């Protein structure tokens with residue numbers, strides 16, 4: 001039995017072209033699937049290099065007369081212009097039976113003669129010289145230069161301002177150092193005076209003690225002499241009388 005022709009209309013029909021090399025970033029190619037029939041169509045998108053591509057959506061159902069946009073994202077890789085790409089995609093489709101419960105059941109119960117498919121070849125394209133020149137012309141180089149010069153002038157002005165602030169800060173620090181030195185000297189002088197004042201009371205106390213002792217001795221000496229004199233007088237009176 002001959003294979004069924006693809007019911008969907010693919011755009012592009014045969015080649016998926018990935019432009020804007022050298023492919024150091026993700027590059028996206030778009031694929032449109034249109035269902036011109038009066039029946040619902042189930043589809044799958046497969047590739048020979050599944051690790052190199054991300055396909056969204058990679059499966060689904062297309063209603064009659066509807067169109068689905070597929071994004072095929074090529075992941076970054078080291079591109080070799082001398083190496084031909086052997087990557088391919090296949091869009092596989094099948095009519096949805098009226099009694100189908102879900103998409104998984106449709107594909108599980110599908111017969112090989114009911115399947116339709118279309119194959120696409122991957123083509124990697126580097127920008128042409130004209131496109132590169134156009135890109136260079138459209139680059140806002142003067143704007144970039146002006147943007148670079150403006151920060152330079154701003155940086156110079158900023159440096160002058162920072163220098164002035166630094167000089168003022170040094171002056172303030174020097175003034176504070178002088179003030180602290182003066183306070184330190186005053187504290188030292190105050191400490192010396194306090195130590196002298198602490199020694200004076202002890203000296204005065206000892207002097208006063210000596211004076212009081214001398215006064216007490218002076219006051220006690222006459223009394224002692226009187227007592228001694230009284231004893232001698234009594235001794236002589238007693239001797240003469242007896």
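From the backbone N, Cα and C atoms, a Cβ is placed for every residue, glycine too.
Under the heading coiled coil, TrEMBL lists 163-197. A Cβ distance under 8 Å defines the sequence-distant neighbours of the coiled coil (163-197), meaning residues of its chain 6+ beyond its ends; there are none.
Annotation comment: TrEMBL describes 7-125 as domain 'MSP'.
Look at TrEMBL and you will find 219-238 tagged as transmembrane segment.
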### Query
Under the DSSP assignment, what numbers of helix, strand and coil residues are found in the domain 'MSP' (7-125)?
9 helix, 55 strand, 55 coil
